[in-house]
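Following: one structure in structure tokens, then a few remarks.
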């Protein structure tokens, strides 16, 4: 027998290296075979529900890090809730309609004009489903547990039917109407756009200052006076019908010495504009208030038969420009609103594709609108109206899909009225919790500021607007027609709209006063895709009987304040009178390491599968918890390497716990809490506090603090303290000694509790650990989270002084470690086991040590220890608060078994190289060695 055969060296087949890229795939196959998601749902039947409603990602392209951050966050929450007494079904969804899919088919060579609309839509559907399959596999590889076989898709017949019914409810309330209003118009998509589909970029536009001669000054202005107008869109001047000013702004009539004309502009802006225009010796003839200029008329600068009306509006400022704004009612929202008050005509001199029409005049017709800027400038120069041209940098709206600029353009569109229910929406919003807190203000401000929602789109891949037209052109939207269309969509899908004539889409025998001859036509526009996803509260939550409405939680990126959070709130309040969610949590965007947006064109993307193939999904999942996702998150390879190091620390700690409980049976070997060694009972208390804190963080979706506490517990409480001195007990003491079984009891409890607590974050690793634990559940996912009172007997909770006593001891320990380090640096000792400590403590510290009743020498890993009064400390002792420490080399010889330096080595003649403790343990447990001795190796 060898000496090491007498040691209880831990053994486990749990590998130090995770080999996650390979093992995770096998683990996921096992989950699928055992129907893990379904098993958890069955286990939780009858329990309170927790519903996290999945915001549908767009079905186009492989998943990216933003997807990973979001889906893993949701999975962590749902897994935790499922292990915490809740029935928490998770139904994933996809947004499957919209322009990008149409564009992909066009790129692939399909010509929409050479096939029927229904045929083109079939191709769109086929493409979307392939994208769903691709993304689904990506999410599954991340370890996300969900109802993958029955997701919700906005193209599914039942979803489309529910969407139509929401539209019908809104129509019943008089919230749906048709109007000709300026809307965001994407010439690159040839369709109207909602606010949520627009993003802003900084651009440089041609800025023009020009004069318009007064025709009728209403007794306030002379006809030799020119109104100085400013615009950043000269191409819109052919659509100009008026000039807007502010009633409360003071305007000056000025005469430059170097110009024969008089000019009107805001008094506060005279000086800066005079310098820019090159005016000399400017004389202020008089000032008037804006209200006095109401209904003054002026001559259009290059359209001879058009007179412009001066109007009062509330959107004019003196922050820039001249205080007079060129107004084209057909080409701007503010322009339209003020023009309507003055009954101005609405000219739209630009077509669907962005080309100027004949309405703009012969010189403009057929010219792309951006090129029309120069024509307008040339005409202003020719009319001697242009005072100044200069480039102007400002923020401008772009189509978020095509990345091309959009324009405002008045077209006939269908709208959902927000104004009629604005107060109702805001009232419902007050009862919703937000994380971060500012989210409520942000969404409320968006609701306050947004106009009515343009819900129609001039595309084909989407849900048709269920609207018919009579022979007189009047729209027909009745409960009867809407319900019938919804029933048809539920049975056949929305493609039926494009396959049947209008009469075949109406209820049998339907009649209308608008069609005395029974002839009907149908709407060709589709609904905004935000209306699709925005009605998921009915298409999913209300549709599936195992879900609940409203949802407990919506969790998405911060861009969804103007997107899904917004559209869902409007449709839900409109159709049901309730907000669709009880709580909203928002996350930031994923950026590259330098804080830039990730894009393929910049070559700065890191794809989830890139990390997974090298490090594993659990590394990506752990990374998600390590960042503050409430703000924008930077992604880098270095960050994942760092997380991998943290994972290794956790894995190695779990390996140590498993190895040293491999000979421990919790059913027969566990020590009762009352009989645990003091230090073990303390660690059970620490585990209890750790579990309590981590569970609170889970409850508040505070992943970052879970990560911090997890790593701190593993590194500080376990590795740097408890596990640090554990070998002297676990390896050296007799295998079944009470002191060793006491520590194993706590080791095992730590392993079980820690495994449960990390399961929502690291499900693959947790299941691998669980295989080595002797617990009744086959899978840790089917276990429950550790309850706090499960860890420490309710009657054995430490008193208030417990933690302060241990805090004091840990401070003492840190001082001792510093003293040992200095002794090593001075070559006094090689390692702590060669040291003897003399501790000189005050009365309070002595009392605390007695109270703790722990083996201080063993915890400090030294060979000898004496404790004396602080006033006996020698001059060369290292002093600290309440403590002095003197380190000397331990006397005696090194024990071949425990490696401590002891004076009693050889006291048992049968074991000449063992200390008395080791000799006694070996003699009792391996009596044959007393006569046979040991082999050399």
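Placed from the backbone N, Cα and C atoms, the Cβ positions cover glycine too.
All chains included, 22 other C-beta atoms sit within 10 angstroms of the C-beta of residue 556 (L-isoleucyl-5'-AMP binding site). The DSSP secondary structure for residue 556 (L-isoleucyl-5'-AMP binding site) is strand. The L-isoleucyl-5'-AMP binding site feature in Swiss-Prot is assigned to 556.
Residue 600 (ATP binding site) counts 10 other C-beta atoms within 10 Å of its own C-beta, drawing on all protein chains shown. The secondary structure of residue 600 (ATP binding site), as reduced to three states from DSSP, is coil rather than helix or strand. What Swiss-Prot lists as ATP binding site is 600.
Annotation comment: Swiss-Prot describes 895, 898, 915, 918 as Zn(2+) binding site. Around residue 915 (Zn(2+) binding site), the C-beta neighbours below 8 angstroms that are at least 6 residues distant in the chain are 895, 897, 898, 900, 902, 904, 905, 907.
Within the chain carrying the motif ''HIGH' region' (57-67), a Cβ under 8 angstroms from the stretch's Cβ atoms is held by residues 94-96, 98, 100-101, 104, 128-129, 131-132, 134-135, 138-139, 142, 153, 557, 589-590, 598, 605-609, 635, all 6 or more beyond its ends. Under the heading motif ''HIGH' region', Swiss-Prot lists 57-67.
Swiss-Prot lists 597-601 with the feature motif ''KMSKS' region'.
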Count of other CB atoms lying within 10 Å of the CB belonging to residue 918 (Zn(2+) binding site): 26
Separation of alpha carbons, residue 600 (ATP binding site) and residue 556 (L-isoleucyl-5'-AMP binding site) (Å): 23
Reduced DSSP assignment, residue 918 (Zn(2+) binding site): helix
Other C-beta atoms that fall within 10 angstroms of the C-beta of residue 898 (Zn(2+) binding site): 22
The motif ''HIGH' region' (57-67) [mean pLDDT, rounded to integer]: 93
Beyond the site residues 895, 898, 915, 918: chain residues whose C-beta lies within 8 Å of the centroid, for Zn(2+): 732, 896, 897, 899, 900, 902, 905, 914, 916, 917, 919
Between residue 918 (Zn(2+) binding site) and residue 600 (ATP binding site): CA-CA distance (Å): 65
For the motif ''HIGH' region' (57-67), residues assigned helix / strand / coil by DSSP: 3 helix, 1 strand, 7 coil
